[in-house]
Amino acid sequence: MHRLRQCNMKWGAEEEKKIELQAQGLQPDTLFSDVIKRYLNKITPTKRGEKHEFNRLNRFLRHPVTDKYISDVSRRDIEDWIAERLESVKSESVRRELSTIGHIFKIALERWGYIQKSPMVGIQLPEKGKPRTQRVTEENINAIVAISEYVDTLKTAKARTAAAILFAVETAMRAGKICSLSWGNVNFEKRTAFLPMTKNGTSRTVPLTKNAIAILERLKVEIGDAGLCFDIKSSVLDATFRKLKKLAEREYLHFHDTRREALTRLSKKVDVMTLAKISGHKDISILQNVYYAPDMAEVAELLD
C-alpha cells in the first residue's frame, strides 16, 4: 500500500510538471534523443561540417543521458558526461562536442519550445590543451613514401595518399581540400590552385611550388583529368594514411602535421602577411602560435 502511495505521488508530480510546462507553451514528454534526431535532420545538413557533426551526434546518442526527457536533463548530467568523456578523448574534442550540444539546447529553448532553461548555463568548458607542435621531417616523409608504391605508380590509394602528403607539405592545404581539388581550379600557367570554400568560410588562391606542379602533372598523366585531381575520398585518404604510418612505424604523425611543416618552410620564403594569405588565417596569432614551428638551431645559424 505504501509503495502504491509512492507511485501515485510520483505520477502526480510528473503530471503537475507536464501541466506546468504546457502552461508555459513548452512540450513535455519529449526525449532528448528525439530532439537530437530532429536537430540532425533540420540543422546539421545546413552546416559545412555536416559529416563530422553527424558522426559526433550519433555517437552521443548512444549515451544514457539522451534517454531522458530533455526537460529533465540537468547541469549535473552534462558535467558527469564531460568527466566521463575526458577519460577517453582530449579536451579539444570535448570542447567541440559541447559546442554542438550547447547549440542543440539553444535551438530547443529559443526555437522549438522544449525547455525553459538550458542546462548548459554555468557549465565550465575543459581547459584548452597545448597546441600540437609536431612537424613532419624529410625522414618521416621518405619512410612513408618508400612503402607506398608512389615511385612506381599512382594507380593505388596508397600511392595517391603519398602524393597527397607530398603535395600538402608543398602547399599547406588541408586533407579535405586536397581531396576535393578539381582540375578546373588548377591553373598550370599561373601555378595556382583556387579553393572555392574553405574552413573560414571564404575562398582563396594557393600558390603552387614547382614540386607541387610536378605532382599534379604526373597525376594528370597517370590518372587522367576527368575527375578530381587526386581521385581519392577523404575517408579513404584518412584510413590509408593510418595504415601507411603504422607500417612505417610513424604512428605519432597526424596528416595535419604536414600543414604545420609546410607553413614553417614557407615562412623562410615569404613574410607573415603573405603566409597568412596562403594559409587562410585571419588571426595572425593562431598562425604564429599553432602552425609556425621553427627549429631554433636553424634560427641561431641565421643570427650569425
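Each residue, glycine too, has its Cβ placed from N, Cα and C.
As written in Swiss-Prot, here are the features:
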- Arg174: active site (ACT_SITE)
- Lys199: active site (ACT_SITE)
- His256: active site (ACT_SITE)
- Arg259: active site (ACT_SITE)
- His281: active site (ACT_SITE)
- Tyr291: active site, O-(3'-phospho-DNA)-tyrosine intermediate (ACT_SITE)
- 30-109: domain 'Core-binding (CB)' (DOMAIN)
- 131-304: domain 'Tyr recombinase' (DOMAIN)
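Annotated features taken from Swiss-Prot, shown on the structure.
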{"residue": "Arg174", "record": "active site", "DSSP (3 states)": "coil"}
{"residue": "His256", "record": "active site", "DSSP (3 states)": "coil"}
{"residue": "His281", "record": "active site", "DSSP (3 states)": "coil"}
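Taking the active-site residues Arg174, His256, Arg259, His281 in turn, the residue surrounded by the fewest other Cβ atoms inside 10 Å of its Cβ turns out to be His256.
The DSSP breakdown of the domain 'Core-binding (CB)' (30-109), given as helix, strand and coil counts, is 62 helix, 2 strand, 16 coil. On the backbone, the CA of Arg259 (active site) and the CA of His281 (active site) stand 12 Å apart.
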